[in-house]
Amino acid sequence: MKVLLIGGGAREHAIAMALKKNELVELYTLMKNKNPGIYSLSEEVSFNSETDVPAIKEFAEKIKPEIAVIGPESPLGVGAADLLEEMGIPTVGPKKLPAQIETSKEFMRNLFKKYEIDGSLKYAAFNNYGNDLETFIDEMTSLGKDVVVKPAGLTGGKGVKVVGEQLKDNEEAKIYAKEVFDKSIGGGNIIIEEKLVGVEFTLHGFVDGENITFMPAVQDHPHAYNNDEGPITGGMGSYSCPNHGLPFLSEEMLDRAEKIMEKTVNSINLEVGPYKGFLYGQFMLTADGPKIIEYNARFGDPEAMNLLPILKTDFLDVCFAIAEGKLDKMNIEFENKATVCKYVVPNGYPIDPVKNKELTVDKKAIENANAVLFYASINEENGKLYITGSRSAAVVGISEKIEEAEKIAQKAIKNFKGEVYYRSDIGTLDLIKKRIDRVKKLAK
């Protein structure tokens, strides 16, 4: 069974591992760097940019896969799924228009407005810097609300800036908004949104165009340093719980979040056609319930590393059900186990990361700790591993209890040597208690 995988990060390593649990799978991967984890699982690798559509076509024509799985968002934005579907290859990953739920923040917010989907917030879209933009920010200031400045297109998770985090106040938000237009960051258009106050969580679904099957809820940790301090990153780690909920999230709030995602899938279908793939909702649990911060048209990274290792159902079967619109015929199950994922990242990340430095990994010690190792932005050359400037590698602890899973991950994360750092507090009961206390304060 030939499977084409596009992408070379830790998320794709998790996808590759999950696919290879089925002994019939022969994996063929297109990626830009030599990720050693994916490379070792692949029959053949094409080293090309994941947005190089002619290279994707050439590789697909050569290997003739029976199904394709697209990992990152960038190939979705250039129509990789459209191409593969046109070639007659069942594909897991939305086509270019449905993928706008991630690639165009304006599309996403307008969809919520048009179809009256719950969980939206105050926002306005702008295609130039001027009085209208300044007036909108001034109105938010008069309401006592801070703002978030979001370039409308893809920025690799680096373009969004939040007042109180990267920006001092709403006046500085205006300065950054002008910079986005001047430098054409993320395509040059902008969404200005109210800043939400609450606790973040993520919810993933398998989507086949009509049906959505939910996965366990996960909490990501975007801040670089312990105690949720420092700059925002792509995610320093995450955890999930044995009951598939989260300690601060009631069943009612989880149900409301699921309904928001269900209505989103139906609305995308009505607006631009069926969405097939993985859908990842990033939510903020506020005093008014769950609000959507943004959607991603793929698995979250790090969340894929929490979710896929505890998937009991054959992942290849799930992928075919997504591509063929048959999720309603499947009973998808996850193990009732806790997971804790921790990333090692280059010193200086995410502002000014070191690059091309050697990373030594004691794989045996990680294995002895009963953790799972995932390689991320790593390049292997002549048998040595080099960090490339983004998140380097992750370990995942899996156990019956969150405390045990955290201990496994923490023991394993110490087995990397190089110019890297990590957060030691992810998955600890102290940090989880802070989340619970924060939600209690919101309720008051």
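For all residues, glycine too, the Cβ spot is worked out from N, Cα and C.
Small disclaimer: the values here were computed from a predicted structure and weren't measured.
Annotated in Swiss-Prot:
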type: DOMAIN; residues: 109-324; note: domain 'ATP-grasp'
type: BINDING; residues: 140-202; note: ATP binding site
type: BINDING; residues: Gln282, Glu294; note: Mn(2+) 1 binding site
type: BINDING; residues: Gln282, Glu294; note: Mg(2+) 1 binding site
type: BINDING; residues: Glu294, Asn296; note: Mg(2+) 2 binding site
type: BINDING; residues: Glu294, Asn296; note: Mn(2+) 2 binding site
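DSSP classifies Gln282 (Mn(2+) 1 binding site) as strand under the three-state reduction. With all protein chains in the displayed structure included, the most crowded Cβ environment within 10 Å among the binding-site residues Glu172, Glu294 is that of Glu294.
Between the C-alpha atoms of Glu294 (Mn(2+) 1 binding site) and Glu172 (ATP binding site), the distance comes to 23 Å.
For Met140 (ATP binding site), applying a Cβ distance below 8 Å and a minimum sequence separation of six or more within one chain yields Lys122, Asp146, Val147, Asn170, Ile192, Glu194. Between the alpha carbons (Cα) of Gly164 (ATP binding site) and Gln282 (Mn(2+) 1 binding site) lies a span of roughly 19 Å. In the three-state DSSP classification, Glu294 (Mn(2+) 1 binding site) falls within a strand. Contacts of Leu196 (ATP binding site) defined by a Cβ separation under 8 A and a same-chain sequence distance of 6+ are given as Leu121, Met284, Thr286, Lys291, Ile293, in order along the sequence. Same-chain residues at least 6 positions away in sequence with a Cβ under 8 Å from that of Gly188 (ATP binding site) are, in sequence order, Asn127, Pro151, Ala152, Val180, Phe181.
For Val148 (ATP binding site) paired with Gln282 (Mn(2+) 1 binding site), the C-alpha to C-alpha distance reads 15 Å. Rounded to a whole value, the Cα-Cα separation of Glu172 (ATP binding site) and Asn296 (Mg(2+) 2 binding site) is 27 Å.
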